[in-house]
């Protein structure tokens with residue numbers, strides 16, 4: 001029969017394994033692990049570039065000051081800087097995004113499957129919110145002004161909307177993953193390739209199939225660049 005000390009040791013080992021399993025991104029085991037995007041090695045993230053080939057440019061991205069176009073249907077542009085743009089972010093568990101909103105523009109309901117987001121308003125006003133998981137689906141929302149900060153928990157559906165019909169808005173978001181991912185809800189549901197059966201969606205949304213067919217025929221705008 002196993003001794004109490006053996007059970008304690010097993011519990012500690014299981015806790016350590018569980019902690020590693022739920023960690024958002026792999027933690028660094030050295031000063032840095034610049035992503036080698038050309039390596040044939042397949043890992044969760046990227047293999048490390050040989051440190052002797054690393055230079056300051058691997059940790060650098062030119063200024064995000066130019067105002068992107070906001071002429072798409074939703075009236076916003078998300079300029080994401082993640083490990084694909086700054087390879088030095090590999091294993092560091094962070095990325096950043098600038099979001100530009102036209103008057104009455106929005107960053108439509110979406111989720112980041114691998115990251116929590118913290119958003120700061122740089123210019124203008126934003127109405128923001130997130131919805132909790134089933135069964136309550138509670139909406140937490142707030143009107144933010146310049147300098148205000150709001151947090152969107154990992155994996156939850158959230159949005160931002162510029163309520164001003166005359167002035168644009170700008171926000172900066174930090175995300176707790178080198179590659180947070182983004183799933184825009186309408187795009188995923190109505191713009192999937194191949195499309196989800198209209199029988200399934202009609203029952204899910206409790207509408208006529210003709211309504212689903214019309215929605216699936218629309219062009220679902222991608223505002224992430």
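Cβ atoms are placed via backbone N, Cα and C, with glycine included.
Pulled from Swiss-Prot, these are the features on record:
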BINDING   110, 112, 117, 158  Mn(2+) binding site
DISULFID  33-48  disulfide bond
DOMAIN    63-213  domain 'Cupin type-1'
CARBOHYD  77  N-linked glycosylation site
CARBOHYD  136  N-linked glycosylation site
SIGNAL    1-23  signal peptide
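Known features from Swiss-Prot, placed on the structure.
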residue: 33; record: disulfide bond; Cβ neighbours (10 Å): 22
residue: 48; record: disulfide bond; Cβ neighbours (10 Å): 21
residue: 77; record: N-linked glycosylation site; Cβ neighbours (10 Å): 21
residue: 110; record: Mn(2+) binding site; Cβ neighbours (10 Å): 21
residue: 112; record: Mn(2+) binding site; Cβ neighbours (10 Å): 24
residue: 117; record: Mn(2+) binding site; Cβ neighbours (10 Å): 23
residue: 136; record: N-linked glycosylation site; Cβ neighbours (10 Å): 8
residue: 158; record: Mn(2+) binding site; Cβ neighbours (10 Å): 22
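Taking CA atoms as the reference points, residue 136 (N-linked glycosylation site) and residue 33 (disulfide bond) are 41 Å apart.
Within 8 Å of the Cβ centroid of the Mn(2+) site, not counting the listed residues 110, 112, 117, 158, the chain contributes 111, 115, 130, 152, 156, 157, 180, 182.
The Cα of residue 112 (Mn(2+) binding site) lies closest to that of 77, out of the recorded positions 33, 48, 77.
Of all the recorded positions in the list 33, 48, 110, 117, 158, the shortest Cα-Cα distance to residue 77 (N-linked glycosylation site) is found for 110.
Between the CA atoms of residue 158 (Mn(2+) binding site) and residue 48 (disulfide bond) there is a gap of 33 Å, rounded to the nearest whole number.
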